[in-house]
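Features as listed in TrEMBL:
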type	residues	note
DOMAIN	3-138	domain 'Nucleoside diphosphate kinase-like'
BINDING	11, 59, 87, 93, 104, 118	ATP binding site
ACT_SITE	121	active site, pros-phosphohistidine intermediate
Ligand code: RTP
Ligand code: MG
């Protein structure tokens, strides 16, 4: 068994649309444990650290603004290969083309905006998970 931890965020669109419970239950139904859970209003400083790999990209500034638009739910989920498993459960970045059966594919809406309001974030590697858990749960 390879028990890992990952950082999951329910983004402001998920909280605003009252999908927190639905998304949490999908994470739990997959067998992952919710090790830590909190609702927070992120600061710009925190988001600049979290999204540092995207600095300079065209969607960076709108993304940070979107993430400041309302509270987010930050989660540490734990389980066997949870980093890869949650990315698979979330679906691909664009909700329009994310596969049915995934969180983004089933619940995500295409708002026609530059920044995809795609409901969730999940760490993409063990290094990212350790770094992001440190940022959100310091
Ligand atoms: P996440 O980090 O949120 O789990 O999503 P991801 O790995 O699938 O996507 P990533 O490339 O890391 O991008 C982070 C977030 O930026 C927004 N985005 N917009 N072309 C665009 O307009 C664009 N590309 C990315 C999305 O909110 C994405 O989740
Ligand atoms: Mg990413």
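Glycine is no exception: its Cβ is also placed from the backbone N, Cα and C atoms.
Annotated features, which come from TrEMBL, shown on the structure.
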{"residue": "11", "record": "ATP binding site", "contacts (Cβ under 8 Å, 6+ apart)": "66, 67, 72, 117, 118, 119, 120, 121"}
{"residue": "87", "record": "ATP binding site", "contacts (Cβ under 8 Å, 6+ apart)": "122, 124"}
{"residue": "93", "record": "ATP binding site", "contacts (Cβ under 8 Å, 6+ apart)": "104, 116, 118"}
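All protein chains included, residue 59 (ATP binding site) registers 14 other Cβ atoms within 10 Å of its own Cβ. According to DSSP, residue 59 (ATP binding site) is assigned to coil rather than to any helix or strand. In three-state terms derived from DSSP, residue 11 (ATP binding site) belongs to neither a helical nor a strand segment and is classed as coil. Whole-number maximum of the Cα to Cα distances across the ATP-binding residues 11, 59, 87, 93, 104, 118: 20 angstrom. In this structure, none of the binding-site residues from 11, 87, 104 has a C-beta falling under 6 Å of any atom of ligand 1.
As a summary of secondary structure, the domain 'Nucleoside diphosphate kinase-like' (3-138) carries 58 helix, 28 strand, 50 coil according to DSSP. There are 22 other CB atoms within 10 A of the CB of residue 121 (active site, pros-phosphohistidine intermediate), with all protein chains counted.
Using a 10 Å radius centred on the Cβ of residue 118 (ATP binding site) and all shown protein chains, the other Cβ atoms total 24.
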